[in-house]
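Per TrEMBL, the features are as follows:
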type	residues	note
DOMAIN	B:39-134	domain 'HPt'
MOD_RES	B:His80	phosphohistidine
Amino acid sequence: MNQPELHVLAVDDSTVDRKVIQKLLQISSFKVTVVDSGSRALQYLGLDEEKNSDCRFNDLKVNMIMTDYSMPGMTGFELLKKIKNSSTLKEIPVVIMSSENSMTRIDRCLEEGAEDYLLKPVKLSDLRRLKDTILKTGPDHTDQTQTRKRKHKIDQSQEPDYHDQTLSPPSSPQHAQTKRARL
Amino acid sequence: MAAVSQLQRQFIEYATSLYNEGYLDDQFTQLQKLQDESNPDFVVEVVSLFFEDSEKLLNNLATALQQKIVDYKQVDSHVHQFKGSSSSIGAQRVTTVCVHFRNYCDEQNLDGCLRCLQQLNHEYILVRNKLEALFRLEQQILQAGGSIPMME
């Protein structure tokens, strides 16, 4: 099986977390580039606010971006928005990593187009799951995928009254709200 | 190889006590699982980064809390960082103090913050000493020709 390595750009302002995520990604057979801020990430992706060039070498091609949420300067959420608003970069899946298990934050990120929201500390099993998702769905995201992600996050939190609802595919593909009713 | 098995038993006992007393949690075990022959010092390297980071943060916290007008947002930001890094290496007791510390920041309770800083210093030094002792035991095992037992 000659599968080319997927290239992940990881963004985190913490030296400890950068080292750990780099190792996790390497062990999961990803090619890894790590940067310490949102602005450096944008520079790397060729979305430099100063230069307006669209020239990126093919070997810099990034298959996924994983970013910490709380960072000084540009937050992971702001980075997510910039990427999703870029015609050249919006197809790249962006995963948010955060220590906060906040439903509002998770929803905001998913609604802004995040591929997934991982609770820190990130585990190997999280990356295994991500890898499967990226390899299976590619850039063709449906809301069913989003529903599964939100469901997974609810499983991880201790919220009571969790009703398992099977949602049918929504009529509009891109921005349908799939909010779970909470009684 | 009596020396090796004795050292290994010592290591297991010591490591187990660290988990039982809450100094370390499962995240530390997860880090050990990431270590292999290609990167045999991974855990020591990550923990060293944590030590560096922590000492910087503790200094910053002391300075921030000494200001005439305390910037609680700044204090909270340092504690948040500390909470993150300690959680990433499994230093559970440090993380717990950080949680309480953040609550005091929210309340802008200077007294509570100062007490937490003291606790944080204390817990940090404890876990640092214990991790250094654990690493020393590991070195002894390796030097005696043995391998480090995996914690479950």
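Backbone N, Cα and C atoms are what each Cβ position is placed from, and that goes for glycine too.
Just so you know, TrEMBL annotations never went through curation; they're auto-generated.
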Using Cβ atoms only, which residues of the same chain lie under 8 Å from B:His80 (phosphohistidine) while being at least 6 residues apart in sequence?
B:Cys98, B:Arg102
Counting by DSSP secondary structure, give me helix, strand and coil numbers for the domain 'HPt' (B:39-134).
84 helix, 1 strand, 11 coil
